[in-house]
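Quick notes on the structure that follows.
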Ligand code: NDP
């Protein structure tokens, strides 16, 4: 199946302008009216057709991740991991699977600047023979929250103040410095480090962040995290460069991605996994389902799986990128979600968002069709904008007396893997669990950024500038929170904030 559904080639061949139902229009730029300067006629249905469709061009923008860019390419297996995962896409070295990646910023609206300080979405759709698989990842290995009940609250603090209709440093930092939200500290450190402003989509990594459960064909299973490491090398902008680019060339990353592919400079990434057994998970100092933590490389080394190459630009942005629908619930045999609560909530929320944004038949939009497998379930039929033939005269239910060979092919979900029991309780895991939530943030500062010249100073600079417009009490809360990471960092933030305030008072 072709994921390009624009039909432009046919139209261009004939060059006959028509209305939306294919009726020829002789005068596309002349409206029917009474006499030369009289009122228009309701019978000018071509004009009504044109204007009415124009009014309906917009679809709801994603919330969040509204602003993005994407391209097609392939995933190629370079190393055998069939001992870890039985998915068909991994079953042979050299095997290629077509894929689509959409990169995005998170908080901004469509049309906002590509270079904003923000995590980047890194969503990949694989068109596999076992159906579509979506890896809905970010360019950071951790996240701000670990309880999904916080998500809409957190995202709202990154958006506009309901009264002033502008981004608000008080909202932003009030949320993050509230003691029970300081689980975010690790992600906040990464966000305000150099990696918070990637130089381009080509120069950043993708991380599953969440823990997944993968199993082999014998049913042996492991916890897995995926790392998609850029072959172009990490490249970031300083805060000053990012602000300048936002003013001069807000679509900088979109252009960079499109132009490099158009020139044949295909960006690529190497895909690795980390694996962990259930016993190893039990001896971790944190929960394996905690999205605010990474798995230390030394203990859980990266194992190479394959590479992703993007070599094809979309021909039509709306049809192939805007209408692309990603959801972590789109998965294939042998790749399962773990009990990570944020992932569990995303399993519902993403597909639900696509149903709202594109309609319940969004899987029929060409870019979302599982064209490499054969979708067959005649109970999933009808509904708005059903355009795929609707299973013809198949019964509208599954008749169990029929021979459905696909039922036999499907491996059962590995239900024996984990056993859960306990009372139903509101569990306040959102609350910071003391210093454990600061340990990895501190390691990032003392062990990683210390080796990158100027990185610690730039972190303090980026935070200090950002908190300068906030209230003094909020600034103090920010400084107190970062003092729990490192006293020098807190002092650096204070100095940078004071300098920015002095600078701003000149205007
Ligand atoms: P290592 O000491 O083995 O490696 C440090 C890693 O830090 C690098 O591999 C790189 O990840 C990443 N890194 C470098 N600069 C930045 C930055 N500005 N922001 C975020 N990450 C950066 O790592 P450990 O496993 O011992 O973990 C030490 C710390 O490194 C962690 O606390 C975490 O903050 C950070 N980190 C760890 C990751 C992991 O999966 N273990 C992944 C990313 C960050 P990469 O190679 O992926 O580019």
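Cβ from N, Cα, C; glycine included.
Listed in sequence order, the residues of the same chain lying 6 or more apart from residue 65 (active site) and placing their CB within less than 8 Å of its CB are 104, 105, 106, 121. Feature annotation from TrEMBL assigns active site to 65 (among others).
Within the same chain, residues at least 6 positions away in sequence whose Cβ sits under 8 Å from that of residue 138 (active site) are 119, 120, 121, 122, 206, 207, 209. Look at TrEMBL and you will find 138 (among others) tagged as active site.
A helical conformation is recorded for residue 350 (heme binding site) in the three-state DSSP classification. Sequence-distant contacts of residue 350 (heme binding site), defined by Cβ-Cβ distance under 8 angstroms and a gap of at least six in the same chain, are 136, 326, 327, 328, 329. The feature heme binding site is assigned by TrEMBL to 350.
The domain 'Catalase core' annotation in TrEMBL covers 18-406.
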